[in-house]
C-alpha cells in the first residue's frame, strides 16, 4: 500500500464535518478502493471550541486556512468555506501556488473565476476538482466529462437548485402562493434566511456556468447567463400549467444554437411526461444531450451534508487513484471563448397570462399585438367571469417564435387599457 | 500531442459500425479531450464485402479476430462479437495475454467469467473495461465505481432491459396481453426473434451480476441470481397494479441484507411515485443507494448503436487518458466471495392474484392459509361476479413477510378446490 494522501479541510460547516465523517467511517473501504489511505491531517475553521460531533484530536488545527494551504505536510486542500472571493479564493490560490491539489464545493467562486483557477492548477501540475459544486451528490461533472466524452454535447440542462424545486413542488401540491411556501421552506431549513441565491436563480446559474464549460469545452461565462427566478410564479400559473399538461420547473439550460450557445436560467413549462418534470421536492437532476448517446438524466440529492460530502470524497479518491482530468475536461488554455447567443434570439414557445377587463374587443386587441409580430397562437383560454369589474385571466400559449418579437408584443399588450396587470410570461420547453 | 492509441475492432454489427462512426466523426474532439488521437487501425468481421456505411479502406482487415488480438501494432482490442464463450472469449483472452487493453460490451461473458478475466487483465497490466455491457449509453459503471466511491453501497437496482420495459409499458398503455405486444415489439426490432434473453430476465441478470460485483466489491456471481421474466405478467395484473397505486417493472436488484447479498431479477410492483416507476419505453435506469449520498438514479437509452458505441468510446477515451480503474473497482484478487442470501430468506410485501370459484367460504380458506404462515394481509379486493361458473379474481396484497412462508402458503392455496388457476405472485418493492 502506497503513502497516505494527506488532506487539509478548510471550513467545518455541515459539508466539512460531513467530509470528515465519510473519510473516518469509510477509512478502510476508501483505502481498499484507492490502494492507499486518505487521511485528514489538518483542519481550519473559525471556532476551535465548537462541538461538531467529529473527533479532531489527531489532526492539526489552523486558525488561518491560508497558512494550512501552504503547509508542506498537506497534499490536498479541501475548500469548504464558500463565497465568490475573499478567504475561500485566497486559500485556493495559495494551495495551487504551492502545487497542492484542491477539492472545492464553491460554485460561486468557480462561476466567476473557474477558467483562471483551472489554468493556475495546470501551471503548477495540481488538480482542481469540483464535483461537489454542481448538484451535491449527483456525479454530474463526471457524467458529462467522462461518461459522454465521445459525444458532441448538444445541450445540458437541469433542475440545479433544490430549494426552488421544493418550493415549486409544494406550491403545486398545496395550491399555496410563493411567499407562504417560501416562509415554510425557510422554517424547514431548506432555504437560507436570505433566499435570494436560491429563488432568484443565482445558485442555479453558478452551477450552469460550470456545466456549460464542461459540456462545450468553453471558458466559464457566468456573465453571459440570462437569469430569472421563481418569485413571480403564482398558484394560478401552476394551475394553468397542470391544465395544459405542463409542470413549472426552474431550469438551467445551455444549448448550442445557430450563432452560439444559449445559457439561461428561468421558470419553464415542461410537459408532464418529460422525465425532468417528475423530479420533485429537493431533488436535483441534470440531463446531458449527446449526439450519439441521446439524453442521459442523473437525479439525486443536490445538497445536504451526506450527499455533498460524498462528492467531495469522490474527488479526493480520484486524486488518490491518480485518475483526475482537467477541471473543465480539457486544459484551461484549450477552452474556447464562449460565443454567447443573446436571449433576444431565443426561439421557443411561450405561455402568457394576462389579467384583463372582461369587455368586448379585448381579445382582438391582444391577438392583433401578437399578429403584428407574426406570433402564432397555439391555444387560448378565457373562462368564467368574475364579479363585475374584477379582472379575468386570459391564458395564451404560442407556437415557436423569437424572444425579441415576443418582448415587443408583450410591451404592446401591456399598454392596452383593458390589460390591468403586468403580463406573466413563462417559456415552454420541450426537452 | 502524444502517440495515437491504436484500436482493433472485432465484430462489425450495429455497435461495431457505430463505434467506428463515433471515432471517425469525432476524431478531433476526442484527440482534444484525450491529448492524443484514438484511431481504428484494424477490424475483423465475418464478411468483408458487406456494405456497412463506414469507410474501411484505411484499416487492416483480419478474417481471424484472434490474430488481430495478438497483433503487435494494436493497443486496444474492442470485442463486439458477443456470446458467453467461443470466439469472443478467445479474442479477449488472447488480447489480455498479449498485454493489450480490452473494451467489451459482452455482458454474458463477463457475467460468467468476469472475475477471471479481470484477474488476467491485471496480471498483464492491461485494462478490461465494460461500460457498454451494462445499460448501453448510461454511465452506470462509472457512476457506481467513481461517483459513489466514498459510499458503502446498500443496494443497486434498475430497469436493466429495454425490450421488456417497452413490452410492460405498451401493455399498460394499450391494455393488450404479453404475447401480442411481444410480437409487435419483435416487428419493431426492439426484441430478438428468440426473445428469451430479454423477456426471461437473463439479459438483466447478466448486467446485475456485473453491477453487484462493482457495488459490493465482490466476485461476479451470476449463478447466485434468482431470475424470473415477464411472460406471466397479464393485462389483468397491470390493471390491478394501476388501481393499487403501482406500476409493474422488471427490476434487477442487489441488496445487502442480514446474512448476505440478495441478487434477484423479477417483475416488481413499485409505487407510481417512485422515480424508477416513471422510466418508460425502451429506456433503462439504474439506482445506486449509497449510505451517504442516498439514491442516485441514472436514466437513458440502454441499447442501440449510438448509445452503446458512446459507452465503448468512453472506455477507449479513459484508456487514452490513462484514467482507468480495475474492472470491478478493486483488483480482482481483492474481490470478496459473495455471501449470497437465498431467495427463501427474502422479506417483502407480495401481490397475489387468485382465480376462484365465487362461493361461500373461499375467502376463509385463503386467509386461513395465509394466517397459518403468519402472513398479514394489507388489502384484499374481490369485486363483481362473472357469468355463473366463471372464476372471479381475488387480489391480495400483504405486509412484509418472508418468501419461504409465502411459498408454503401459496402451495396450500393452490391446492384449494375453489382456486381454479395457478396463483400469480408479484413482489412489491418500495425503493
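Positions of Cβ are set from backbone N, Cα and C atoms, glycine also.
Under the three-state DSSP scheme, residue A:207 (active site, proton donor) falls in the helix class. The Cβ neighbour count for residue A:207 (active site, proton donor), using a 10 Å radius over every protein chain in view, is 25. What TrEMBL lists as active site, proton donor is A:207.
Listed in sequence order, A:16, A:43, A:44, A:45, A:65, A:68, A:69, A:77, A:78, A:79, A:80, A:81, A:88, A:91 are the same-chain residues at least 6 apart in sequence whose CB falls under 8 Å from the CB of residue A:10 (NADP(+) binding site). Under the heading NADP(+) binding site, TrEMBL lists A:10, A:11, A:12, A:13, A:14, A:15, A:16, A:17.
Annotated NADPH binding site per TrEMBL: A:107, in sequence order. Sequence-distant neighbours of residue A:107 (NADPH binding site) (same chain, six or more apart, CB under 8 Å from its CB) are A:130, A:133, A:134, A:203, A:206, A:207, A:210, listed in sequence order.
Under the heading L-homoserine binding site, TrEMBL lists A:192. Neighbour density for residue A:192 (L-homoserine binding site): within 10 A of its CB lie 14 other CB atoms from the protein chains shown.
According to TrEMBL, the domain 'ACT' annotation covers A:351-427.
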Secondary-structure category, per DSSP, in which residue A:17 (NADP(+) binding site) falls: helix
Tally of residues which DSSP labels helix, strand or coil - the domain 'ACT' (A:351-427): 23 helix, 26 strand, 28 coil
Nearest-integer angstrom distance between the alpha carbons (Cα) of residue A:192 (L-homoserine binding site) and residue A:14 (NADP(+) binding site): 14
Least buried by Cβ count (within 10 Å) of the binding-site residues A:12, A:14, A:15: A:14
Environment of A:10, A:11, A:12, A:13, A:14, A:15, A:16, A:17, the listed NADP(+) site - residues of the same chain whose CB lies within 8 A of the CB centroid: A:9, A:18, A:19, A:45, A:80
DSSP three-state assignment (helix, strand or coil) for residue A:107 (NADPH binding site): helix
Other CB atoms within 10 A, centred on residue A:17 (NADP(+) binding site): 22
Site with most surrounding Cβ atoms, counting all protein chains shown within 10 Å, from the binding-site residues A:11, A:13: A:11
